[in-house]
Ligand code: PSU
Ligand code: MN
């Protein structure tokens, strides 16, 4: 029986019923990840990129307590304008947002949950949450990692952002049995940059190879997600010394201000954009579009 709180957009429903490719998209990146109006413009361009590559986009959010699988242009604009007034919603928050009929922007974790409820297996975003630097004292580990451990959705992202501890995030994913695939790369991309000092678990070079691995995993009922790390296109990559310096400054400011918990990722993203005069935002937009394209291709291949 379908979840009574779920509203599947007619275009998404038609595609799912016909076994056609659908790509899930998150909404915290819209409300908390980018400023207005770039957030709305980007969300609409990401949807168009998915369509241009032969799949149907399903941007996911909770609106007035309804679990929305696929948003209209008006709904995306509404969420983009609400910005950080929308509630950043991870797994723990969902029942309260629903019961109180609130608006919730879904993180990677909750987008995976809702995508799974609707039967969508491929999801594109910019960056996933992970183990934060200093987690040995703060315990700040994103619920995204636990979700990857248990929910059958593949997440295309641009690697692990260096606001996080890349090494600890990889260790955590390994413990939880979540494979990290490098798309056409042997090294783990670090979001703004194409490379890091870490390797990936498996390098795969085509959407068909990725789809075959997903199919093998889930056909055997090996539960959980997969991280598909897709490096930022070279022309948009940032100089690693520059971006890492800016991130270090932003983390110092965050600690001074005592910002923690769910507020830390949005604070760092905004600070980094401010300190780079918007060039990190441009890079962020470019890599999300690149991920949308790959996710559409993987979804198409997975449906065959
Ligand atoms: N990383 C980004 N942009 C984002 C996020 C992460 O580069 O917008 C968002 C995603 O929605 C992700 C969430 O799921 O932040 C992780 O937050 P936390 O670390 O509080 O779990
Ligand atoms: Mn956290």
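Yeah, the Cβs are placed from backbone N, Cα and C, and that goes for glycine too.
Summarising the annotation, TrEMBL assigns active site, proton donor to 26. For residue 26 (active site, proton donor), other Cβ atoms within 10 Å of its Cβ number 28.
Under a cutoff of 8 A between CB atoms, and with a sequence separation of 6+ in the same chain, the neighbours of residue 144 (substrate binding site) are 90, 107, 108, 109, 128, 129, 130. The substrate binding site annotation in TrEMBL covers 88, 108, 142, 143, 144.
According to DSSP, residue 140 (Mn(2+) binding site) is assigned to coil rather than to any helix or strand. The Cβ neighbour count for residue 140 (Mn(2+) binding site), using a 10 Å radius and every protein chain shown, is 19. According to TrEMBL, the feature Mn(2+) binding site maps to 140.
The active site, nucleophile annotation in TrEMBL covers 161. In sequence order, 127, 130, 190, 191, 192 constitute the residues six or more apart from residue 161 (active site, nucleophile) in its chain with CB-CB distances below 8 Å.
Residues within less than 8 Å, Cβ to Cβ, of residue 88 (substrate binding site) and separated from it by at least 6 positions along the same chain comprise 28, 31, 32, 104, 105, 107, 262, 266. When the neighbouring Cβ atoms lying within 10 Å are counted for each of the binding-site residues (108, 143), the highest count belongs to 108. Listed binding-site residues: 108, 140, 142, 144. Those with a CB atom under 6 Å from ligand 2: 140, 142. Following the DSSP three-state reduction, the secondary structure of residue 108 (substrate binding site) is helix.
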